[in-house]
Amino acid sequence: MLYRENGQFKTTYRADQQIFPILQDRLFIGLLLVVAFVVVPGLASDYMFRAILIPFLIMALAALGVNILVGYCGQISLGSGAFMAVGAYGAYNFFVRIPEMPLVPAILLGGLCATAFGILFGLPSLRVRGLYLAVATLAAQFFADWMFLRIKWLLNDSPSGQVSVGSLQVFGFPIDSAVSRYWFCLAILAVMALLAKNLVRSAIGREWMAIRDMDVAAAVIGIRPMYAKLSAFAVSSFIIGVAGALWAFVYLGAWESAAFSVDLSFRLLFMVIIGGLGSIMGAFFGAGFIVVLPIFLNQLLPPLFAAFGMEISTAGLSHAELMIFGALIVWFLVVEPHGLARLWSTGKQKLRLWPFPH
Amino acid sequence: MKARRILLASLLAGAALATAAPAAFAQAKEQFFPLLSYRTGPYAPNGTPWANGKQDYLKMINARDGGINGVKLTWEECETGYATDRGVECYERLKSRPGMTLFDPQATGITFALTEKVANDKIPLITLGYGLSVAQDGMAFPWNFPLMGSYWTGADVLIQHIAKKENGNLKGKKIALVYHDSAFGKEPIPLLQERARMQGFDLSLIPVTAPGVEQKAAWLQVRQQRPDYVLLWGWGVMNSTALKEAQATGYPRDKMYGVWWAGAEPDVKDVGEGAKGYNALNLNSSGTQPKVIQDILKYVHDKGQGTGPKDEVGQVLYTRGVIIQALGVEAVRRAQERYGKGKVMTPTQIRWGLENLNLDDKKLAQLGLTGVIRPLSTSCSDHMGSTWVRVQTWDGKKWNVGNDWYQADESIIKPMVRSGAEKYLADKKLQRRAVGDCQS
């Protein structure tokens, strides 16, 4: 009953094509935005912002990008960490080399660098697919690892290979407090998510999905595989690149190429698989699961053990965290292979019939 | 259904506990030491004894002295796994605890990421023998304390030692640096290049990809180039792998010189006889003879409260952990002398303590550190204190420490620190600290 659509008639094509055709969804999203923009900054502590919310927002953005490529277009990629790295170092170079370079254009230019890099390393997707493509995109990862360790120029000739940025500001407002950083990331994420949501509903998004479902059939009905695949690589790596720039600039502040290792690529892939392939919502769920859960377990286990009169060592804690995490991933994939986003839509479906399920 | 409900209930209860837990720390008269450590991951063999030493020293001070002038010491470990983002998370989690003292991040990468954050939060960051070399300049880096030495001083001493063996003439010699390809391994390069320019030796740089288990290509290069000396700049599993590769390549181990992070028991133990003749810097002595180690055994381990295995107490890295913590505790004690004994010190007051450490022979004897380190005194502009170091050699069973003490050559280090710090300040658009700031 809570989620009844009865009486919501659509009388124009415009109304039928809204992003959220159901009133309750619109209300929910509006409320969510209000909570995220207004309520959370009033409640959360400095630690919550800096250690949980900001990484969550940035990883959600990256997962969004990965989801466009992997979830919507079906091109499995293990090079996401590399795209993030290119975005981060690209933005860094624009930021430090051009005097008075503002932050937002620098980040967007970093995203464009990642786009170019993504298209370049997306070329193999025209010939190989599935697991083979995943292995081919690993090349991007190793190439980026090599590039950001060896090419001194890209690191602004930093002797240690470690680069850093400081005194960030947007339109004259300094971005140094936790709340301003949070707002900055949230605003970028909200805009990008909206654009991505619209993109996947448009003609190009349908082309991606057609390619994902059966590329030969898609080609037969007149979709150009080259255009569809490369545009998916371009859009996805742009978003991932922006996320990489944010990760470096806003979250870490100082970084070396190890911050964007192959490990990160795997984590991003897990995020979209657990969150739900081919769903914008899934990116948020996945990022929440992968970013927040280990930290949550890390803080939860010691008091939990203490409550039973036991003590857990730091190493034991770390191992327990990995084991629980692994077990939960397996459990989720067995119980709900379509990810957390599917659970969400199942829940919505149930609410539609509630309280009279059949 | 039932199982699911129990799971949900326990999660909720856990969440409540997790949020309630910090309140329990809000007690007065406690100096809180955050202990960032890594007991898992590829660097765990070296990270663990270090972390054990740090924790045992705090336990010992509480058990023997009842804290610092009556102020109890508390601590919490946070596992970083040597990863920068986890380290940042740990820092953010622990930094606002009441009685906050200082951070020792135990990793060069994390040090870089925290350098700017500690300046904003005004918390001292001590990096004993690692971290940012330019941070020696306390006027440019008010919150960083690379105590007792940096990678530049270490590299400088290695070259001095090699030059001594070659009767002062390194012209035309070939020296290769086999380094961990990260900020940690790259830090010494500028200094070595400077020395190569001055003394006319040929420096070749051979990177090893982190974590350092795959070194075949690097040692192929060593075999091709046949350098007269190899400097080993490794950490964790990389060191023992390098020694095994050197053995396989046939490169003489007595021509290999490691930094102090490549000269502990876990690095050579597995290689045993194969590492015979290998040299490394010795920042601190090891063994169970020093009084401080005896005290730890007596007050902590004999009561069954030791952090790690008892037979590892007194090893090189364990002792280094003890020293790090001892210097931190001394900084608090020094700050109390000025700001009031028996009070909990704030991070800013502890910075004053760190800038006014004066550990002479008498003080070291009191601390039970006689023979473990040389006297050390810091100031507002010099955040390092001392650069004394010896060279040790592995005889197949144990480390034998040489008698010669070396100090880094100030005439080379000073200008480099100065220009590096100026560049940092210019890049960040920061100002040098005013001299008046030193008194607060």
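Note that Cβ sites are derived from N, Cα and C of the backbone, with glycine treated the same way.
Whatever TrEMBL says is automated annotation, not expert-curated.
Record features, source TrEMBL:
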- A:27-45: transmembrane segment (TRANSMEM)
- A:51-70: transmembrane segment (TRANSMEM)
- A:77-96: transmembrane segment (TRANSMEM)
- A:102-123: transmembrane segment (TRANSMEM)
- A:130-149: transmembrane segment (TRANSMEM)
- A:179-196: transmembrane segment (TRANSMEM)
- A:233-254: transmembrane segment (TRANSMEM)
- A:266-297: transmembrane segment (TRANSMEM)
- A:317-335: transmembrane segment (TRANSMEM)
Please figure out which one of A:27-45, A:102-123, A:130-149, A:179-196 racks up the most CB pairs under 8 Å against the transmembrane segment (A:51-70). A:179-196
Among A:27-45, A:77-96, A:130-149, A:266-297, A:317-335, which stretch has the most Cβ pairs under 8 Å to the transmembrane segment (A:233-254)? A:77-96
So if I exclude everything within five residues of the ends of the transmembrane segment (A:77-96), which remaining residues of that chain have a CB under 8 angstroms from its CBs? That is, six or more out. 62, 65-66, 69-70, 103, 105-107, 109-114, 117-118, 121, 133-135, 137-141, 143-145, 148, 154-156, 163, 165, 236-237, 240-245, 247-249, 255, 257, 259-266, 268-269
Between the transmembrane segment (A:179-196) and the stretches A:27-45, A:102-123, A:266-297, work out which stretch tops the count of Cβ pairs under 8 Å. A:27-45
Can at least 3 Cβ pairs under 8 A be found between the transmembrane segment (A:266-297) and the transmembrane segment (A:102-123), with each pair 6 or more apart in sequence? no
